[in-house]
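Novice: Pulled from Swiss-Prot, these are the listed features:
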- GLY14, SER15, GLY16, LYS17, SER18, THR19, ARG120: ATP binding site (BINDING)
- SER18: Mg(2+) binding site (BINDING)
- ASP36, ARG60, GLY82, ARG147: substrate binding site (BINDING)
Amino acid sequence: MKQPSLIYLTGFSGSGKSTIGPLLANSLGYDFVDLDQQIEHLAGKTINRIFTEEGEAHFRDLELMVLQNYSGKSELVVSLGGGLLQNDRCFSLIISTGTLVYLHSNPLVLAKRLSHKSDRPLMKGEDGQRLSRDAIEQKILNMLEQREPRYKTAQITVETDTKRIGTTVEELTRKIERYIRRCEKKQLERNTKQRKQ
């Protein structure tokens, strides 16, 4: 059953999911889980190592397994990996169980934010060498072209480019609370209609 208070945060790497997620959970009075951290804990290794040693297919299986642990919960904010929605099974599970929130950022802003993080696979080419800023921007644009259609299925979208984090969290809190109230009202109307039949 769909739980509007099960919040899935999505967005490209560098959009602010790991920073905003715990603050949003605190603002809503919910728990917080970073799915990538849970996968690393389960596997006993970093996501980079999982990809390198066991391949993407194994990582996607782990992703689904960990996601399923949280899909029946409520009052929970789950930070998703930037590419998770490309996993069809994960995408279907998310759409059917909770509320998807998209943290949108301009590709140039993402490139600037990510250029300071050397541990991200996105920052490296196939040869393992660090990419130039232009190459990072192009890589982001190419990946967004693939990911954006699923990001845009989110019930709630917030821009994270220029706002302060606190302002973004306040805006998200208002939008989520409003969305949950609308969902509850629709459910109440459906229940009332069914009882009358």
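For all residues, glycine too, the Cβ spot is worked out from N, Cα and C.
As the structure is a computational prediction, the values presented were derived from the model and not from experiment.
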Novice: Taking just the CA atoms, what is the gap between GLY14 (ATP binding site) and ARG60 (substrate binding site) in Å?
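Specialist: Roughly 21 Å, rounded to the nearest whole number.
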Novice: Show, in sequence order, which residues other than ASP36, ARG60, GLY82, ARG147 on the same chain lie with their Cβ within 8 Å of the centre of the Cβ atoms of the substrate site.
Specialist: GLU63, LEU80, GLY81, GLY83, LEU84, LEU85, GLN86, ASN87
Novice: Name the secondary structure element type, per DSSP in three states, that contains THR19 (ATP binding site).
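Specialist: Note: THR19 (ATP binding site) is helical by DSSP.
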Novice: Taking the Cβ of GLY14 (ATP binding site) as the centre, how many other Cβ atoms fall within a 10 Å radius?
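Specialist: Its Cβ has 24 other Cβ atoms within 10 Å.
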Novice: May I ask for the distance between GLY82 (substrate binding site) and SER18 (ATP binding site), taken between their Cα atoms and rounded to an integer number of Å?
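Specialist: Cα-Cα, rounded: 11 Å.
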Novice: Validating a neighbour-count step here. Other CB atoms within 10 A of the CB of GLY16 (ATP binding site): how many?
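Specialist: Result for GLY16 (ATP binding site): 22 neighbouring Cβ atoms inside 10 Å.
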Novice: Compare the C-alpha of SER18 (ATP binding site) with the C-alpha of each of the binding-site residues ASP36, ARG60, ARG147, and give the closest one.
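Specialist: So, of the listed binding-site residues, the one sitting closest to SER18 (ATP binding site) is ASP36.
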Novice: Would you pick out, from the binding-site residues SER15, SER18, THR19, the residue whose Cβ has the largest number of other Cβ atoms within 10 Å?
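Specialist: For the binding-site residues SER15, SER18, THR19, the Cβ with the most other Cβ atoms within 10 Å is SER15.
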Novice: Could you give the maximum C-alpha to C-alpha distance in Å for the residues ASP36, ARG60, GLY82, ARG147 that bind substrate per the record?
Specialist: 18
Novice: Give the helix, strand or coil assignment DSSP yields for ARG60 (substrate binding site).
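Specialist: DSSP call for ARG60 (substrate binding site): helix.
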Novice: Quick one: Cα separation, GLY16 (ATP binding site) versus ARG147 (substrate binding site), in Å?
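Specialist: Checking the Cα atoms of GLY16 (ATP binding site) and ARG147 (substrate binding site) gives a distance of 17 Å.
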Novice: Can you give me the Cα-Cα distance between ARG147 (substrate binding site) and SER15 (ATP binding site) in Å, rounded to a whole number?
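Specialist: If we compare the Cα positions of ARG147 (substrate binding site) and SER15 (ATP binding site), the gap is 14 Å.
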